[in-house]
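Here is what TrEMBL says about this protein:
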COMPBIAS  B:1-10  compositional bias 'Basic and acidic residues'
REGION    B:1-25  region 'Disordered'
TRANSMEM  B:50-70  transmembrane segment
DOMAIN    B:113-303  domain 'ABC transmembrane type-1'
TRANSMEM  B:117-140  transmembrane segment
TRANSMEM  B:152-172  transmembrane segment
TRANSMEM  B:178-196  transmembrane segment
TRANSMEM  B:231-260  transmembrane segment
TRANSMEM  B:285-306  transmembrane segment
Amino acid sequence: MAATGEPILEVGGLVKHFPMSQGVVFRRRIGEIRAVDGVSFTLRRGETLGIVGESGCGKSTLARLLMALERPTSGSVRINGREITRARGAELRQVRRNIQMVMQDPYTSLNPRMTVGDIVGEPYEIHRKVVPRRERRRMVQELLEVVGLNPDHVDRYPHQFSGGQRQRVGIARGLALKPEIIICDEPVSALDVSIQAQVVNLLERLQDEFGLAYVFIAHDLSVVRHVSDRIGVMYLGKLVELGTEDDVCERPSHPYTQALLSAVPVPDPRGRETRGRIVLQGDPPSPAKPPSGCRFRTRCWKARDVCAEQEPALQARFTTGHAVACHFV
Amino acid sequence: MSETTVERQGRGKHARRGRYSPGGPWRFGPPRAASLWSDAWQDLRRRPMFVGAAFVIAVFLVMAAFPWLFTSIDPHDAATCHLSEARQGVSDLHWFGTDNLGCDVYARSVYGARNSVVIGATTAALTALVGGLLGLFAGFAGGALDALLSRVTEIFFAIPSVLGALLILSVFRTGSVWTVVLALAVLAWPMTFRITRAAVITVKGQEYVLAARALGASSGRIMFRHIMPNALAPVIVVATINLGTFVAAEAGLSFVGVGLQSPDISWGLMISDARRRFLEAPEPLLFPALLLSLTVLAFVMLGDAVRDALDPKLR
Amino acid sequence: MWRSSTAERDGRVPGGEALLTVDGLRVEFATRQGVVRAVNGVSYRIDPGETLAVLGESGSGKSVTAHAIMGLLDTPTVRVPAGEIRFHGTDLLGLREDDRARIRGRRIAMVFQDALSALNPVFTVGAQIGEMFRVHEGLSRREAERRAVELMDRVRIPAAAQRMYDYPHQFSGGMRQRIMIAMAIALGPELLIADEPTTALDVTVQAQIMDLLAELRRESGMAMILITHDLGVVADSADRIVVMYGGRVVESAPVHEVYQAPAHPYTRGLLESIPRLARKGRALPAIEGTPPDPLAMPTGCSFHPRCSYRQDNCVTDAPPRYRIGPTRDSACHYWREVLDGSHG
């Protein structure tokens, strides 16, 4: 997990607003949902960047933007220096060979009418030049073996596998084109507790073996902590804190990060009566009507007048490059 | 690691509020390789309703294809009718009795199966093809194409079907098998369209479709490899049930005089011819009506059984 | 040992005032592929005012047991061939449906994971909470509304007097869960069964809900069965824990003792596989294999195919629940080795 490689994925000022409209015949715009609202970060070769945040913070939209499954309202996504947000057709297909994803739900992410061999081999059907036809079955079996499945099971259907095994199938499909970047969108949250660790271990082993860079999106901080070199914390479409795993988790500097960390239940009952915990009041505001200034101010115990007037920028406030978007660090 | 072939799909969720589906809260894959279709087949074979309906349908299909296997009388041959034997009741010689012209009702009923089956099957196939394909495109593409096609189907839904069929058939003046098929298909495709479109929109939102897009799959590949096989089940169910209703519709149109015309033989025509003398000779009306009901019922039951077997919520 | 009473097994005085005991409960489902033994001889007890965590993954039978307690298993495909569920000494399974209905809601209440589908979308939340009082206590509409507002205040729903006229979809997930809790505690139950109450919620909201539940318990002294798969939530709030696997209880103990030294390999495996700071950069000690096929449960101990302590007799002999402490038991032949953590 070397975090010193050259940048492989550069995201700058990424914005995605979904229009909200009303009416059937004459549609008129009544507003927009600011799902992702100005996100910038860099991912280096072989590195894992964790993105944490709660539901509605825009992390899944971010994943789709990185995969070029949605077109951003503005901003740029560069892979190896090449802009992908405006790529189309053959160029876009070329881009996709280098960035793949692992999805959350192993029950809905595999086509129930296709055999596991067809699912894992589909990338070769789409990108025909990657592997010659007669080699494909062998390649698929190799991939199944790599992810810890029995290669003789190529002709089975997804419903004959357990949740954890299905997730392995999804990972094999993501690996088929030998991408350099894999976007993991909540890859373990749908799995049974006793299976989560297996899949986390598999992802880490594959990273070492193939030099993959991960963007690891999840809501479970303990898993994100375990796999990530750096962590970004998202709130209402924006990154509020970005730094090394150690900086963000040991020296959280944004009030939201502090609250998030303290809300995670510790799997140890010792000292639970005296454990301090920041319990945030209320729910996150709607991304359709974000608060002015700092978006967290409506739930923040440090908020003052300046927070409503001025939006704090995400900037390095420590020598380590640990960036925080708060007026009071 | 151990390789078990199990899936627990239901989790505790299905267990909640005591709503256990007949398939149980878990779903298990059989030990061998099996697809949803072969699972459904395994399931269907064990349903008495399916077996009964399939048997009845098989008999009618054979009757439609090889009517001479069932009767030695060719009702198209006028010489087999004897006016002197008109309106005779059930006898050894005439199992279903004879009609107003002294023709054997049993032989005519057997030969009438062909027109019913041809019209029902052709219309069902045509509506499934047209409605299904348009539904696939509209559901997949969305936007303007979808809006346009959806409005068009709404117009069709506003036309009372009997009136519509009367109108179309009166344009052609002479009713034949193909004009009846056309009239029924023109009016029936919007329903298949709607069902397909809804199924396609549901499937389009599944994560495996997203995964295929992420791999760079073309629209054609996504439509025909990922969406169509998963949206097919409801279309097949509707086509099966429709087949029965088209058989009934043919009879209805022939009955009111705009469908098939003599000397064609069809159950609807037979019922129509027999209705005026029903009180003195009920057999010429009752027997074709019975066969008609049995056929329609068989197809509707088959459709029901297939739906139950394919419905993922019950699996 | 299997058939001995729960009280003995838990090492308590027989006839002590258990609030609820589940004893030798079995639940079977008829499926197309055969009979599934979802719950296969489960016993546990809960005392008044106590919080008991029932930990397990999907298919372990933890939720089905809870549904059996609530009497929600009333469909033709379900059978309860054996077992007793005694509430204040009365066997609930032997009661007539209308007697059970009097206990359900009034004395034992339940909170579900998915509050949105558990609430009726076409009635206002005020009407739904008030319904509890109108049906069970025969209050007038006006009086029921007043009590509904009181309850919504009690579960900390802001501006309760106005919001009672809103519909479930107008509330956030956390607020909906509060409404569910309000309905559950409306009639002052002695036992609250919370089935994964925070699984669908974000961590910051989860913290709010767990705090609320703790507070309500302190005020009213009601007991709680907390069904969860989250070891963190258990550590935060439970007094005792029952670990379930493959339809059976594999370990039962006071919560502090389990986290300090688990006595069953499954519990141990779960605790070890949690990512912790000290394990950063190393592979997690994961439990291998997959959860068991409910149609083809392994012979002997159902955990044996995944167990690192396995010996030959684990494949053939189902372990009884060995009593290993005053209020502790473990269904493992080699619990001593597990407790010592002495395997390579």
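The backbone N, Cα and C atoms fix where each Cβ goes, and this holds for glycine too.
All annotation found in TrEMBL is predicted automatically rather than curated by experts.
Taking every listed stretch (B:50-70, B:117-140, B:152-172, B:178-196) in turn, the largest tally of C-beta pairs under 8 A with the transmembrane segment (B:231-260) is reached by B:117-140. Away from its own ends, the transmembrane segment (B:285-306) comes close to residues 40, 44, 47, 49-50, 52-54, 56-57, 60, 96-97, 105-106, 108-109, 112-113, 116, 120, 236-238, 240-241, 243-245, 247-248, 251, 267-268, 270-271, 274-275, 278 of its chain (Cβ-Cβ under 8 Å, at least six residues beyond either end). When Cβ-Cβ distances under 8 Å to the transmembrane segment (B:117-140) are tallied for each of B:50-70, B:152-172, B:178-196, the top count falls to B:178-196.
Beyond the ends of the transmembrane segment (B:152-172), by six or more residues, the same chain brings 179-180, 182-184, 186-190, 193-194, 249, 252-253, 256, 258-259 to within a C-beta distance below 8 angstroms of the stretch.
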